[in-house]
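Worksheet for the structure shown next.
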Amino acid sequence: MAQTLYDKLWQSHVVHEEADGTALLYIDRHLVHEVTSPQAFEGLKLAGRKPWRISSIVATADHNTPTDHWDEGIKDPISRQQVETLDANIREVGALAYFPFKDKGQGIVHVVGPEQGATLPGMTVVCGDSHTSTHGAFACLAHGIGTSEVEHVLATQTLVAKKSKSMLVKVEGQLGRGITAKDVALAIIGKIGTAGGTGYAIEFAGSAIRGLSMEGRMTLCNMAIEAGARAGMVAVDQNTIDYLQGRPFAPKGADWDKAVAYWRSLVSDAGAQFDAVVELDAAGIAPQVTWGTSPEMVVTINDRVPDPAQESDPTRKTGMERALSYMGLVANTPINEIPVDKVFIGSCTNSRIEDLRAAAAVARGHKKAANVKAVLVVPGSGLVKVQAEAEGLDKIFIEAGFEWREPGCSMCLAMNADRLEPGERCASTSNRNFEGRQGQGGRTHLVSPEMAAAAAIAGHFVDVRTFA
Amino acid sequence: MQAFTTLNGLVCPLDRANVDTDAIIPKQFLKSIKRSGFGPNLFDEWRYLDHGEPGMDNSARPVNPDFVLNFPRYAGAQVLLARENFGCGSSREHAPWALEDYGFRVVIAPSFADIFFNNCYKNGVLPIVLPAEAVEQLFQETAASEGYRLQIDLAAQTVRTPGGSQFGFEITGHRKHCLLNGLDEIGLTLNHADKIRAFEAARRAQQPWLFA
Ligand code: SF4
């Protein structure tokens, strides 16, 4: 029978299955960061258990690490303790690779895995982090897990799971100039809603997806979780293989050839059946800007802030009113008249080299607007930072009045010192615009790196396609 | 893990859709390396009027009298009633830890985000999906009568209202078994250790690069 990519990934990892469909799935790669792992390591120790396969573990510190003054270390004592706890746990337990605070390979876990070649097609990849879906860009079955499951994977190398339904999201045609994977992701979420993918594993396909770089596919799969899907994935093609060749943990020599031959089978068979199919026309996608406190509250740059008076569903209507009041917005305001106070270019959604190149291309030769208090550019990893500096991107940003920072999660969730003050409005390339996400009372608008850079320069949202 | 069998619990209504885990437990409390003590900071930004940080004396903080959890009539609630897509966002297990630590044993909603839903079971919290109309009925009845309680029976998979309405809910056999008996899932899985080892050996032979 014709199989979907998801069917293949699932089936090749089932160790055991119970009558009710609950399966034990073998886990190939376990990514670990400091926030969701301490209780798991502690639980393991308390139960007198040992990790099953140390060589599956790749760890880094990212959420709590500062993005400036690295010479001063981590000032917040509670943050420091959490990072030091990870150091101690990895020292004790071991790992295939560890990129601690200040290491040149350190960075956001979802940027580090792929760039090291530690994320490979056909793998199951887990991490105590919802954006693990990112790794699905490499035709992996990748999902976020809770801390109890982190402990379960450490102890047993498996996960108790039930197969999801499958959804095909097909984007056909050519994306317009200035339209990025981020816009595609937000347009999909706008269409199906933040719960639209709940219970599904999504495969992204179609000519527009095949046309995306691996960075773009990672951006897209990263946001699958914001559509409610635990996993997003893209089939293997030549882009996948070219990206991986020569990466530190990618197979070499004869193994490489054998691996590539297998990886090429990681596509949905012709005629494979999906439980749901969603189609989008690439040419119809315009730059997206969120206006509310959920990623599904999204419109295009040429729209206006929606009016709750037009909404008939009472729960949705109160949700919209709440969001407008939190965001300090008035219904029917044109999006391109909304001024911004801060801009954040970074996060596991948009902090890879391609994102920084795109933002720099917009910023080149410009200065940030006077009303914009700060523009933070935070590379996703130490390697991205080095690459960007080799290309002179840091200079372009600094000349534009942007701040060039050290790698980490930074103002995506504001666990470190980078945050919005109450009432501040931010154009952000991250993935969540929830209340308080970037700092209590902070107001987040999700956009692409190009749109964020353009907003920094104009001082308000602006259509990057017409921005000179 | 605490076992769950039956509960006759006071209901607290949280009438919002898409309640995310950032709202359930804000990020600053995730810096803790412990598994307990999150209850006082459950829904911190909605529950208090000031900005909460770890280490504060929560009993001395100004509470938001307009937030439902602070209404005296809902003190001691064990059942949280919510709208669709409850628990969306981050995978933080601190969210069910905070709910459980506060005293909630059941969350009822028309739909849940996947990771949160799964995390609940690992912590003795039972997430129950009921049809939107049933949830609406429960919201109305909770508002109408103070001291409104629901009778939840996991073995029978039922929710019963004081008025005698009864709703069934779904749960997988595996989860039910673990929850009813308060079982440690890792121990159960390790019963299959030989199978895992055999699977791993075959995989290593086929795809040695995964085991470099
Ligand atoms: S960048 Fe943001 S979303 Fe990504 S892992 Fe870090 S905190 Fe999570």
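The backbone N, Cα and C atoms fix where each Cβ goes, glycine too.
Any TrEMBL annotation is an automated prediction that lacks curation.
The [4Fe-4S] cluster binding site annotation in TrEMBL covers A:C348, A:C409, A:C412. In this structure, A:C409 ([4Fe-4S] cluster binding site) belongs to neither helix nor strand by DSSP; it is coil.
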Taking the centroid of the Cβ atoms of A:C348, A:C409, A:C412 ([4Fe-4S] cluster site), which other same-chain residues have Cβ within 8 Å of it?
A:D62, A:H63, A:I108, A:H110, A:H131, A:G346, A:S347, A:T349, A:S351, A:G408, A:S410, A:L413, A:S430, A:N431
List of residues, in chain order, with Cβ under 8 A from that of A:C409 ([4Fe-4S] cluster binding site) and at least 6 apart:
A:D62, A:H63, A:T65, A:I108, A:G346, A:S347, A:C348, A:M415, A:N416
Among all protein chains shown, how many Cβ atoms are found within 10 Å of the Cβ of A:C348 ([4Fe-4S] cluster binding site), not counting that one?
26
Under 8 Å by Cβ from A:C412 ([4Fe-4S] cluster binding site), counting only residues of that chain that are 6 or more apart:
A:F344, A:G346, A:S347, A:C348, A:T349, A:S428, A:S430, A:N431, A:R432, A:R437, A:Q438
